[in-house]
Amino acid sequence: MASLRVFEGSHLGPDEERLQSSILEERRPMTDSYPSADRTATAGTSAVANATGRQRDAALAVAEVVLLAVILVMALLGNGLVLVVLLRRKRRHNPLHQFMLNLCVADLVVALFQVLPQLVWDAKGRLPGPDILCRLVKYLQVFGMFASSYMIVAMTMDRHYAICCPLQAHRSGATHRSTSYSALAWGLSLVLSLPQSFADFPGLTRTVLELTEIDFQAFIFSRSEVAPGVYECWGNFAESWGLKAYVTWMTLAVFILPVLIITVCQVHRTDTHTHSL
């Protein structure tokens, strides 16, 4: 450094200018190879933000939290009031009464175990807690969506059968049939939600690998390290197409398939009523 200050404060000849240039060239990579602590911290923060998708607009984040809070309050109040009214009624063996009761419970599951955790997630920037909490929350989030959709399907199929086949429906027993449909909806929801969050079994993975030679991962969400020292409730897919397959499956199973079943039942019931006239 002293030699450089001497060179900078005096007139340099050609040889001295070449010497100064060589010294500066030698110092440049050394300076670049040791970044400051601020630059390192900034780079680390950017890496974590990119890995966890946390570079969000502050105004948009606030809007999401407010919207989720409004949905949560309305869902709890609306379904809670309907549930209280249904429980106070004396005719609890009516099929429609049972379906409405089950549908209110399913909607409350959605409010408490999907909207509320998502609200906390958006407000804090990540889902706090251990791995078991991550898996349980992700399981219950999907379970509520399945239960709510499939309970509407069960109610539609029961009403379709009662209107289109009244004699058979009377013989089979309306209460027993509605109970069976409700139990089927809850059971399917429990089973179809399992791959969402419970730990993969190494034995199953090895067996599938041996049979199909494909890296198979049966279960999706867990508390994973998304950046050095940063853990998040994260989805892991063994194949590059896993995310697209997951979104497609959820769209089909939760939305499109129930809508198709409900539409077919409604159209067939309308045609039956028209022909009877």
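Residue numbering: from 1, along the chain as shown.
Here the Cβ of each residue, glycine as well, is placed from N, Cα and C on the backbone.
Features as listed in TrEMBL:
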DOMAIN    78-277  domain 'G-protein coupled receptors family 1 profile'
TRANSMEM  65-87  transmembrane segment
TRANSMEM  99-116  transmembrane segment
TRANSMEM  136-157  transmembrane segment
TRANSMEM  178-198  transmembrane segment
TRANSMEM  246-267  transmembrane segment
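Outside the transmembrane segment (246-267), and at least 6 residues removed from its termini, the chain residues within Cβ reach (under 8 Å) are 142, 145-146, 149-150, 152-153, 156-157, 159-160, 192, 220, 235, 237. Looking at the domain 'G-protein coupled receptors family 1 profile' (78-277) alone, the prediction's average pLDDT is 81.
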